[in-house]
Amino acid sequence: MSDAFKPLLAKLADGQTLDDSDAELFFAACLRGEPTPAQVAAAVTAIRLRGETVGEIAACARAMRRAAIPLEHPYDVIDVCGTGGDGLHTLNISTAVGFVAAGGGLKVAKHGNRAITSKSGTADVLTALGVNIDATREQQRKALDEAGICFLFAQAHHGAMKHVSPIRQQLGFRTIFNLLGPLTNPAGAKRQVVGVSAPRFVEPIAKALGALGAERAWSVHGSGMDELTTTGETEVAEWRDGVVRLFKITPEAVGLPRAALADLTGGDPAFNAAALTRLFDGETGPYRDIVLLNAAAAFLVADKVETLVEGVALAAEAIDSGRAKAALAGLVAATNTEVPA
């Protein structure tokens, strides 16, 4: 079986790109464990050295989506997450944004994992907050119905990644697989705000989201962060109506003060959970400001507001009214309550 992949590997070794069908077939085979570890490593290394194309990113994501365990639901959900890998060890921003978005009336399917390069990933901080990250699909659906937000633990929904995980660990550098988390939401989110770890990925990820069927999506990188940032300028690529629009955002443009990166530095899951709790209890400052900015983007992408300034106001209301805190409490309750299958 592994001999069948040699022509494809030869193309990659020569610096050629894979067409969409070949890329999807190969990555689907990787998720079934058919190529040898050496072949998988050779392929992803060659793609990394040449640079991932939009077609390859979308094809790999499409194969991963098809191998995933989905969450069925009737909603127009949004996801707010990043690729990770920015190495800045900030507080959990997109996690907090998920609850603010739910508090503002959106249905949020938050896709995430444990920390890989950071000290506290989404799954880690949610566990510290009392969320059962190993919730059943029935519990996830209950949370989405009642709290407006569910958490989709990547390891539980993407079991096929077990075939490539050891290879990724042994390589120890970023490959195309590191870009796929935000592109493979098991709830089929058509609206997304995706943070990327480097400026060069901003436009390709937006185009890949479009190729995968997104209705409206932002791909963002903020001065070194895989988030919209209040520390400087954020680069944005928006996918909407079949085209990508590139622009930049500053915090001042939406009425928020600029922050220092040191003001956003996080710690272990307990530290970050405590900061998130204080945020929802009314603490103001740089953490609140960056959460407001990112939540505003979510409201805009979901067509809940018409401008980022309106989105900031709605995000502030979601926190100050207690609705964001209630969304967190609802997720904790739903994931720790037995629900019949």
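The count begins at 1 with the first shown residue.
Including glycine, each Cβ sits where the backbone N, Cα and C put it.
For Asn113 (anthranilate 1 binding site), the Cβ neighbour count at a 10 Å cut-off comes to 19, with all displayed protein chains included. Annotation source Swiss-Prot lists anthranilate 1 binding site at Gly82, Asn113, citing sequence analysis.
Look at Swiss-Prot and you will find Gly82, 85-86, Thr90, 92-95, 110-118, Thr122 tagged as 5-phospho-alpha-D-ribose 1-diphosphate binding site. Sequence-distant contacts of Gly82 (anthranilate 1 binding site), defined as residues of its own chain at least six apart whose C-beta falls under 8 angstroms from its C-beta, comprise Ser94, Pro182, Val194, Gly195, Val196, Ser197, Asp226, Glu227. DSSP assigns Gly82 (anthranilate 1 binding site) to a strand.
Per Swiss-Prot, the feature Mg(2+) 1 binding site maps to Ser94, Glu227.
Counting every protein chain shown, the Cβ of Arg168 (anthranilate 2 binding site) has 18 other Cβ atoms within 10 Å. Reduced to three states, the DSSP call for Arg168 (anthranilate 2 binding site) is helix. If you look up Swiss-Prot, you'll see Arg168 marked as anthranilate 2 binding site.
Taken from Swiss-Prot, the feature Mg(2+) 2 binding site covers Asp226, Glu227, and the record attributes it to sequence analysis. When secondary structure is read from DSSP and collapsed to three states, Asp226 (Mg(2+) 2 binding site) falls in the coil class.
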Exercise for the section: Indicate whether His111 (5-phospho-alpha-D-ribose 1-diphosphate binding site) is helix, strand or coil by DSSP. Expected result: strand
Exercise for the section: Determine the Cβ neighbour count for Ser94 (5-phospho-alpha-D-ribose 1-diphosphate binding site): the number of other Cβ atoms within 10 Å of its Cβ. Expected result: 25
Completion exercise
Whole-Å Cα distance, His111 (5-phospho-alpha-D-ribose 1-diphosphate binding site) to Arg168 (anthranilate 2 binding site), is 20
Exercise for the section: If we count other C-beta atoms within 10 Å, could you say which of the binding-site residues Asp226, Glu227 has the fewest? Expected result: Asp226
Practice task
Give the number of CB atoms, excluding that of Arg114 (5-phospho-alpha-D-ribose 1-diphosphate binding site) itself, located within 10 Å of its CB.
Solution key: 16
